[in-house]
Amino acid sequence: MTDLGISLVLLASIVLICEGTRKLISYLFSGKDYGIYLVETVSTYQLCACTHELKVLAEVGRIESHIGLTLTYIMVVVHVITFHGAFCNPNVALDNIYRKNITRRSAAARIVCMFIGAKSAHILAPHIWSVGLSDHHIRHTKFGFKCFSPINGSHLEAVGVELACTFTVQATVMHLHKLDNKRLHVHVIAAVVTALVYSGGHISGAVFNPVLAFSVQFPCSGNSFLEYTLVYWLGPIMGMALCILVFDKVIPLLFGKSTSGLDFPAVQKKVQ
């Protein structure tokens with residue numbers, strides 16, 4: 001089996017195991033409030049673990065860019081379908097506080113669960129790679145699982161990319177209600193994310209998710225923790241805040257009505 005095939009099997013295995021775990025959680029903790037926190041942890045682990053493998057496949061396996069983008073699109077679709085209401089992004093929790101959909105305490109608990117899932121993916125990934133399932137896993141193990149910062153522009157440019165990417169995704173989700181065919185929602189989000197990765201990936205990596213960056217990018221050499229925080233935490237938070245300001249405050253003030261959908265929180269939970 002080729003290295004790409006092995007990675008695909010590994011990605012599928014991660015998703016299937018996590019999906020089975022979510023089903024078990026739903027069965028064992030049906031009707032319990034804390035069940036969603038367990039789902040949040042598992043789903044964030046899935047997101048980060050799959051991204052770790054895609055990153056190694058791209059950087060060590062040197063797959064062609066069109067294959068990488070295709071996998072990005074597919075994995076976004078898979079994640080959206082399987083997350084079962086998990087946010088997997090601190091920005092979504094903060095947005096739901098703003099919209100009064102969840103309490104601050106619930107949001108804080110969800111964010112803690114996200115970081116637990118993200119850290120678990122970071123810790124477990126090297127153990128999976130060290131088994132040596134493929135040549136690029138073996139090479140990655142031989143070099144001590146080293147990775148390097150994807151920030152190739154200035155810090156200001158990288159912050160701008162993360163801000164713009166977050167703004168674009170947030171704005172897209174807020175206006176999905178205009179698309180009558182709900183089956184296309186997931187594909188619109190996947191297409192937007194893939195386009196952003198293609199256009200901004202060479203500058204900052206185009207992560208636009210603080211907890212995903214914490215798991216995948218922060219351990220890499222090349223920049224300090226403070227620099228990563230500036231790019232991957234502050235950038236997305238500013239992008240989300242700017243999007244809310246524009247579509248929930250400025251546009252209604254100027255035109256007398258909001259362009260975003262009333263069902264935004266429900267859609268966002270599913271998409272993010």
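Every residue gets a Cβ built from N, Cα and C, even glycine.
Bear in mind that TrEMBL entries carry predicted annotations, made automatically and left uncurated.
Marked as signal peptide by TrEMBL: 1-20.
Marked as transmembrane segment by TrEMBL: 67-87 (among others).
Taken from TrEMBL, the feature transmembrane segment covers 107-129 (among others). Below 8 angstroms of C-beta separation, residues 10, 36-38, 40-49, 52-53, 56, 87-90, 93-94, 96-97, 137, 140-141, 145, 211-212, 214-216, 219 of the same chain, each at least six residues beyond the ends of the transmembrane segment (107-129), sit close to that stretch.
Per TrEMBL, the feature transmembrane segment maps to 158-176 (among others).
What TrEMBL lists as transmembrane segment is 188-208 (among others).
Annotated transmembrane segment per TrEMBL: 228-247 (among others), in sequence order. Under 8 Å from some Cβ of the transmembrane segment (228-247) lie the Cβ atoms of residues 91, 94-95, 98, 149, 151, 155, 158-167, 170-171, 174, 204, 207-210, 213-214, 217-218, 258-260, all in the same chain and six or more residues away from its ends.
When Cβ distances are compared across the two stretches, the transmembrane segment (158-176) makes contact with the transmembrane segment (188-208), since 3 or more pairs at least 6 residues apart fall below 8 angstroms. For the transmembrane segment (67-87), the residues of the chain that approach it from at least six positions outside its boundaries are 4, 11, 15, 18-19, 22, 26, 36, 39-40, 42-44, 46-47, 50-51, 54, 57-58, 93, 96, 110, 114, 186-187, 189-191, 193-194, 197-198, 269-272, judged by C-beta separation under 8 angstroms.
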